[in-house]
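Some notes on the structure that comes next.
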Amino acid sequence: MYFGKFVSCFLFDPDQKTLCRLILGLSVPYHHNSWQASLGLSEFGVMLLSALLTSVGINLGLCFLFFTLYSILRKQPSNVTVYGPRLVKKDGKSQQSNEFNLERLLPTAGWVKRALEPTNDEILSNLGLDALVFIRVFVFSIRVFSFASVVGIFILLPVNYMGTEFEEFFDLPKKSMDNFSISNVNDGSNKLWIHFCAIYIFTAVVCSLLYYEHKYILTKRIAHLYSSKPQPQEFTVLVSGVPLVSGNSISETVENFFREYHSSSYLSHIVVHRTDKLKVLMNDAEKLYKKLTRVKSGSISRQKSRWGGFLGMFGNNVDVVDHYQKKLDKLEDDMRLKQSLLAGEEVPAAFVSFRTRHGAAIATNIQQGIDPTQWLTEAAPEPEDVHWPFFTASFVRRWISNVVVLVAFVALLILYIVPVVLVQGLANLHQLETWFPFLKGILNMKIVSQVITGYLPSLIFQLFLLIVPPIMLLLSSMQGFISHSQIEKSACIKLLIFTVWNSFFANVLSGSALYRVNVFLEPKTIPRVLAAAVPAQASFFVSYVVTSGWTGLSSEILRLVPLLWSFITKLFGKEDDKEFEVPSTPFCQEIPRILFFGLLGITYFFLSPLILPFLLVYYCLGYIIYRNQLLNVYAAKYETGGKFWPIVHSYTIFSLVLMHIIAVGLFGLKELPVASSLTIPLPVLTVLFSIYCQRRFLPNFKSYPTQCLVNKDKADEREQNMSEFYSELVVAYRDPALSASQDSRDISP
């Protein structure tokens, strides 16, 4: 019945304010304010401040518990591979004594001081530019929301609280969240001009800080080039689309071309071979070798078993070591045979190395052949960053994979609305009572209602989000990128789009998935629709910041899953001396999360400033925790030269423009048309600022300028070990699946 009324009104009610009310899926007006009534908030759909305080209390307790456990567990010698794998990999096994020490059982905060000690230059030299950019995202966010918190808490929040009439500061826990938002301000009130001015000032501050950070990171990018040792990727170009020449191999064609047109700078080349089948054999051999090693060391019982005969039930007894050894010998023979066959199985692509960075840059940025589909060049990734399966797939297969990935991504965006709707139902007690009327008595209990509306929705939503990053990485790996870093950047962008759509728009816009799409197909209605829908979800997002942000960061430092895995392996199995993997820095998972919280802060800056101090605490915690993790836990698997920063810039601009669009619609709904009209130039100016920054800074993120490359090349000429570097460069991009003793006939004399 309720659904039927909703559909009927949705289809036939022409009133725009009724439409805004229906978007929220609520029916009973709550506030006497006409604009608040148009939102349709009911007494069951509004979170009380006490519910928020319940959520804050639960998450503060969890954070304190996790930090206490971390400060104790990190001191235990048996946990060094959990809380310090990067240090173990770098310096060898821990030298900590296993003797009992009472100090190890006492929680301390010394790790915080050690995490804050390294300077930016030390982070740049020891951890790389990508790590520094990651830290600077937190620094930028802390500066933005420090200013926003001062303005929001000391200016906008009092204006909102006393917007309708003078409100006494008594019995605050029983106040609803709407008492602290802009919805509490009367329609047409002159107090709204304070919000208007705050939006302009806040935009100017964010753009200024964004420009400063862009300039700072660019300076560090150039400094990193000058201070670093020569790297293979700086001198190498990936050439694809090599034309087939009758009578010549791919290797001969590449050598003849670059000797002819790049004679002064050409050094060597390595042609890519198809090695996918060989890699399967190598993986099998590696697994078998590890088994054989464990048998010989006694980790696995060395008993005689029946390996021959039907189903292993009949036949002669065979020694386990002899059995594995014979299988390993057979695999080695197959690998040698396959490797000899690969000598002629070339791919029309090659890694071409040059004597100077400038020579490699010229080859990268200038069209090489008359036919633009041949002799395609791009900057080579780091040797360890190469995604070798890229060369196995044909162009048609990669094109089909891109189409499949696009369809799968769109389907995931649509299907993920189901858990979002469930979460919205939990956040709305009235809707829960409609769905489950037999729970009405339980839902009316004060503590139950506070936990359900203040904590449970954001927790469940966070659990659903855990499966998304691996899916995005899988989809990006199918698109045919040449490097792992490109795969992670693509997954980062996908995750950002997914987060904006399903974590923001799907939460603020109730109704069917088709309706959400229709909203954006009618641009004229977007500002008013968002202005009505976004403020109503402020309480959910405040709780989400506390749950997903605070507790998520504290669980990050505790590393619960690796800790449990380490405990289980020690409890049920014998540890061996095999090399362990240092976890890679989770750029593609964490950057979207950080930026999404930034979008929430920017969007709700003037709508519900109560969210701002919680965000500021999140970024301060993140700054400390991730400095600690980068120094002790994570190791960079690749270096992009800070190329994640343009993503941060674009997303911040999008957040600002979204705030402006909401402000235009909100001032219209609040019957202040002059302020609405004067806000329209703001998104235009913001986009123009973004275009200026892109033309000013972005080219230097795509490639280094000639001035820097030539200066660095001249400095290298004075180095004594360049000849040794060139000899290493010649074999740097050889496929790991091929033998190191492969013929080096491609080398230039």
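Counting begins at 1 with the first residue displayed.
Cβ coordinates are placed from backbone N, Cα and C, and glycine is handled just like the others.
Computed from a predicted structure; not experimentally measured.
If you check TrEMBL, you get these features:
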- 44-70: transmembrane segment (TRANSMEM)
- 51-213: domain 'CSC1/OSCA1-like N-terminal transmembrane' (DOMAIN)
- 133-157: transmembrane segment (TRANSMEM)
- 192-212: transmembrane segment (TRANSMEM)
- 235-389: domain 'CSC1/OSCA1-like cytosolic' (DOMAIN)
- 403-427: transmembrane segment (TRANSMEM)
- 403-667: domain 'CSC1/OSCA1-like 7TM region' (DOMAIN)
- 447-475: transmembrane segment (TRANSMEM)
- 495-517: transmembrane segment (TRANSMEM)
- 593-626: transmembrane segment (TRANSMEM)
- 647-668: transmembrane segment (TRANSMEM)
- 674-693: transmembrane segment (TRANSMEM)
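The recorded stretches the transmembrane segment (593-626) and the transmembrane segment (133-157) share 3+ CB pairs below 8 A when only pairs 6 or more apart in sequence are counted, and are therefore in contact. Note on the transmembrane segment (647-668): residues 133, 137, 140, 182, 192, 195-196, 199, 203, 206-207, 210, 214, 489, 492-493, 496, 500, 526-532, 534-535, 591, 595, 598-599, 602-603, 605-607, 675-676, 679-680, 682-683, 686-687, 689-690, 693 of its chain, located 6 or more positions outside it, place their CB under 8 angstroms from a CB of the stretch. Looking just at the domain 'CSC1/OSCA1-like cytosolic' (235-389), the mean pLDDT is 74.
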